[in-house]
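Annotation source Swiss-Prot lists ATP binding site at G389, P390, S391, G392, S393, G394, K395, T396, citing sequence analysis. Among the features that Swiss-Prot reports, domain 'ABC transmembrane type-1' is placed at 38-321. Feature annotation from Swiss-Prot assigns domain 'ABC transporter' to 353-589. Feature annotation from Swiss-Prot assigns transmembrane segment to 34-54, 80-100, 138-158, 164-184, 263-283, 292-312; the stated evidence is sequence analysis.
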Amino acid sequence: MSVKPTLSKPIGGQDASSPAVVMRRLWPYVKPLVWVLVAGVLAMAAVAATEAGIPALLKPLLDHGFGSKGDMTTKLYVPAAVVGLALARAIAQYASGYLLQYVSNRILLDLRIQMFERMIHTGVSFFQRETASTVINAVVFEVNQVLSVLMGVMITLVRDSLTVVFLLGYLFYLNWRLTLIVAILLPCIGWLVGKINRRLRRLNREHQTLTNQLAYIVEETVGGYKVVKVHNGESYEIGRFNELSRKLRGYSMRMTVSGGLAQPLTQFLASIALAVVLTIAVVQSSNDQTTVGGFVAFVTAMLLIISPLKHLMDVNQPLQRGMTAAELIFGLIDEPREPEGGGKPLARASGAIEFSHVSFSYGISRDGRQTLDDVSFTVAPGEMVALAGPSGSGKTTLVNLLPRFFDPSSGTVRVDGVALPEYSLHDLRNQIAMVSQDVVLFNDTIAANVAYGQTPERDGVEAALRAANLWETVTAMPDGIDTLVGDNGMRLSGGQRQRLAIARAIYKDAPILILDEATSALDSESERHVQAALETLMKGRTTLVIAHRLSTIERADRILVLEGGKIVESGSHRELLEQGGLYAHLHRIQFQQDAG
């Protein structure tokens, strides 16, 4: 299955993501720490300056310190200066490492927190569009690539660039003619880096896409392991995984080939320059234009400049990985938030619901049909309304409009006579409790799951568990309500997970309930107890019930039958059976299945 990571996109309103664009986006995070950063850069500058100090000490030692006639002062101060230089370098190196690590980790913390906050406040469409593996990859792993850029790349760019500048300055001081030969290298290297840089950027983006696809295959296989095993799908999944892994390896090798060209080509150009320098230096020495100390100092400085140049060449690959990671990170940060709604407060709703000419579509379909088409109905406070109809008729979409998971394409949804966008989104959702057929539990205690989003009160948790027919089961557990339920409640049975989700809705005590196939996972005995608890709970509360099993909704005050996104029938269970329409047809089919 091909999954394109739609989070990855150019950032900052530019045609392409570049280091300059990324730095502009990072500036708000860097600004509060700018003086710490400046101190770190100054410490790096001190480290870079010590590189030029090494050949600078060699020249007087060779010119004035060697031999029986050598200057004693030079013989003494040069070794002492070497020790002092090494000590200063060590202190500056430690200071720069600590200060830059402080800055980068603080930025990493701020980025990761902002990414998670933005993710959790995005609309439902974001979670439908993106795979979990892509989002996890961006929040947990890709942000570390930016840390790599902030640390490794920044240290390399600043420290080694300054080292090159200091060494070039010293070379000009020693012999400007020879230095011009070295300087010719730099434009050649810059052109070479630019060519390799563009190719690496493209390869890194494609590599990131394949990495997300590989993570998605693992996510699917782990999540659907039962289906994989019962259908003997191991060979198919292994084949998918191996094929994509080989493609990923191919891209990695292409990146290695492209990135690895920079260093040997740089060394080759440097060797040509060294050969020319040696030739000219020999000619100058014959004319007494240079000394042995000056020549050795020049060659030493020139050789010392090669190492930081290599580092600057090697910075391409991590830099391009960082740019690709930045696209994911800022792509997530730039995701639009859910609308916060109006400023109208809603302490506790009476529960009156109105759908007025509501239409909704997830996108443009080939036949132009909408998921919901001009739906209108009202629900009185405390009324229980059931939604029935064949699969795909729009039942779940309809109830998803109530907590504003989506907004209608046209028409208005009202609670207590007020359009939903006028309410604060937080206040609106406080009025709604939902139990879905896809039970979601968190890897926490039973009490924390029951009171999710609120402060757990043991008496309230116990009452909710009793109402959901789960209290005796919980008290039999070693840690009671403090028992950890595991990943999505894997330590509980299917029926226990369903009842725990119902207990969560009971604990919330919201005036509006949405029950989406709420008892479908229960055995007959548990369903009987839970149904009784739900009937008690629903008294005085507005309830919307979705069920594929019609027996669940027979006792509803009113049943709305949907087909093709429209309400085609409305009435009580008995009235709809007497009409002999779609509801009666569905009831007859299910009755025959149950009898069979």
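Glycine is treated like the rest: Cβ placed from N, Cα and C.
Here the binding-site residues are G392, G394, and the one with the most other Cβ atoms within 10 Å of its Cβ is G394. Those residues of the chain, other than G389, P390, S391, G392, S393, G394, K395, T396, with a C-beta within 8 angstroms of the mean position of the ATP site C-beta atoms are L562, E563. Sorted by the number of other CB atoms within 10 A, the binding-site residues G389, P390 start with P390, the lowest. Beyond its flanks by at least six residues, the transmembrane segment (138-158) meets 7, 22, 26, 41, 44-45, 96, 100-101, 103-105, 107-108, 111-112, 115-116, 119, 311-312, 314-315, 318-319, 321-326, 328-329, 331-332 of its own chain at Cβ-Cβ distances under 8 Å. Across the binding-site residues listed here (S391, S393, T396), the residue whose Cβ sits among the most other Cβ atoms within 10 Å is S393. Sequence-distant neighbours of K395 (ATP binding site) (same chain, six or more apart, CB under 8 Å from its CB) are L387, A388, G389, I546, L562, listed in sequence order. Non-local neighbours of the transmembrane segment (80-100) in the same chain are 36-37, 39-41, 43-44, 46-47, 50, 53-54, 57, 150-151, 154-155, 159; each lies 6+ residues outside the stretch with a CB under 8 Å from one of its CB atoms.
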